[in-house]
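One structure is given here, and the rest of the page talks about it.
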Amino acid sequence: MGVDLGDILSKKKISLENLSGCWIAVDGFNTLYQFLSIIRQPDGTPLMDASGRVTSHLSGLLYRMTNLIEVGIRVAFVFDGTPPELKAGTLAARAQMKEAAEIQLQEAIATGVDSFRYAQATARINSEILHDSIRLLDAMGIPYVQAPSEGEAQAAFMAIRGDVDYVASQDYDSLLFGAPRVVRNLAITGRRKMPRKNIYIDVPPEVIILEEELTRLGISREQLIDIGIMCGTDYNRGLPKVGPKRALKLIREHGCLEAVLDALGESIENFREIRELFLHPAVTESYELRMRKPMVDEIVGFLCNERNFSEDRVRKAAERLNASYRSGQSTLERWL
């Protein structure tokens, strides 16, 4: 889930139209997890084809990415590569949590208890889901980048270089990796039903500007990283009873994590390695950002013939995507 710094960061609500003409590097795994968790039937079951293969992610990619591209947003998906060794403990813990959620889900179904939240917690990305996602992105003409390690680090690197305007992720790790501008809620923007409630809320995109936040908080990026490490990251457990607000207070008082640990009489294993990982992550310069002409027949053939989607809905979405590509010549500088 990454580090939670939401309580100390200011987010600016914007509209999708504010992002028109921008390139956005999308945290691929984070976005697919959102689709797999949110796009579900009332009982919590994911969308599936006639063979029982999960298709929630494909629905999200087609319809929600088409909505973004229609308003002039250009997206590039960035997928994780080999995780850092420091992440092994977190990955093992996540696997255990999903196994526990599977057991709770079966118990909830057997007893008639609302199973939706347990079903959401079982979402997994396997090789088939990843392969199908990349296949659909190719057909839609959307570029994707394979990161050598952390996808958010690669996306942040692309933003630092100026190749993209924003990084899109629900997590705050992108800021620790140095992303100048992060947009949240990109894939879930709109009117959304609250789980297990007959209540709808509007979910707007939110933008966080790193330099503005550092200035407002009176800290450096290195100090923000130290705050994240104190709270807990994908690479370490946080200090007991230390959340983002207290961590900020401690950094302001003591200046750096070393001094905080000395003052509290605490320790965090490998914290210098973790700090270095955020400051100098493994990234690649080998990528190309170019929107291509959507292959309408390929989209329809894959989703309708192989994954049992409604041909009428899919074809309409694919034609909208194609129309956006054609009309983009006069309004977007980075189209072909």
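Heads up, the Cβ atoms here are built off N, Cα and C, so glycines get one too.
Some features that Swiss-Prot has for this protein:
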BINDING   Asp27, Asp80, Glu150, Glu152  Mg(2+) 1 binding site
BINDING   Asp171, Asp173, Asp234  Mg(2+) 2 binding site
REGION    1-98  region 'N-domain'
REGION    114-255  region 'I-domain'
REGION    328-336  region 'Interaction with PCNA'
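Shown on the structure are the features that Swiss-Prot records.
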{"residue": "Asp27", "record": "Mg(2+) 1 binding site", "DSSP (3 states)": "strand"}
{"residue": "Asp80", "record": "Mg(2+) 1 binding site", "DSSP (3 states)": "coil"}
{"residue": "Glu150", "record": "Mg(2+) 1 binding site", "DSSP (3 states)": "coil"}
{"residue": "Asp171", "record": "Mg(2+) 2 binding site", "DSSP (3 states)": "coil"}
{"residue": "Asp234", "record": "Mg(2+) 2 binding site", "DSSP (3 states)": "coil"}
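Taking DSSP states H, G and I as helix and E and B as strand, the region 'I-domain' (114-255) has 64 helix, 26 strand, 52 coil. Counting neighbouring Cβ atoms within 10 Å of each of the binding-site residues (Glu150, Asp234), the lowest count belongs to Asp234. With respect to their backbone Cα atoms, Asp173 (Mg(2+) 2 binding site) and Asp80 (Mg(2+) 1 binding site) stand 13 Å from each other.
For the binding-site residues Asp27, Asp80, Asp171, Asp173, the ranking by surrounding Cβ atoms (within 10 Å, all protein chains) places Asp27 first. Sequence-distant contacts (6 or more apart, same chain, Cβ under 8 Å) of Glu152 (Mg(2+) 1 binding site) comprise Gly2, Asp27, Asn30, Val78, Val167, Ser169, Asp171, Asp173, Ser174, Phe177, Ala179. Other residues of the same chain near the Mg(2+) 1 site, with their Cβ within 8 Å of the Cβ centroid of Asp27, Asp80, Glu150, Glu152, are Gly28, Phe29, Asn30, Val78, Phe79, Ala147, Gly151, Ala153, Gln154, Ala155, Ser169, Asp173. Assigned with DSSP, the residues of the region 'N-domain' (1-98) fall into helix, strand and coil as follows: 47 helix, 17 strand, 34 coil. Distance from the CA of Asp234 (Mg(2+) 2 binding site) to the CA of Asp80 (Mg(2+) 1 binding site) is 14 Å.
Taking the C-alpha positions, the distance from Glu150 (Mg(2+) 1 binding site) to Asp234 (Mg(2+) 2 binding site) comes to 11 Å.
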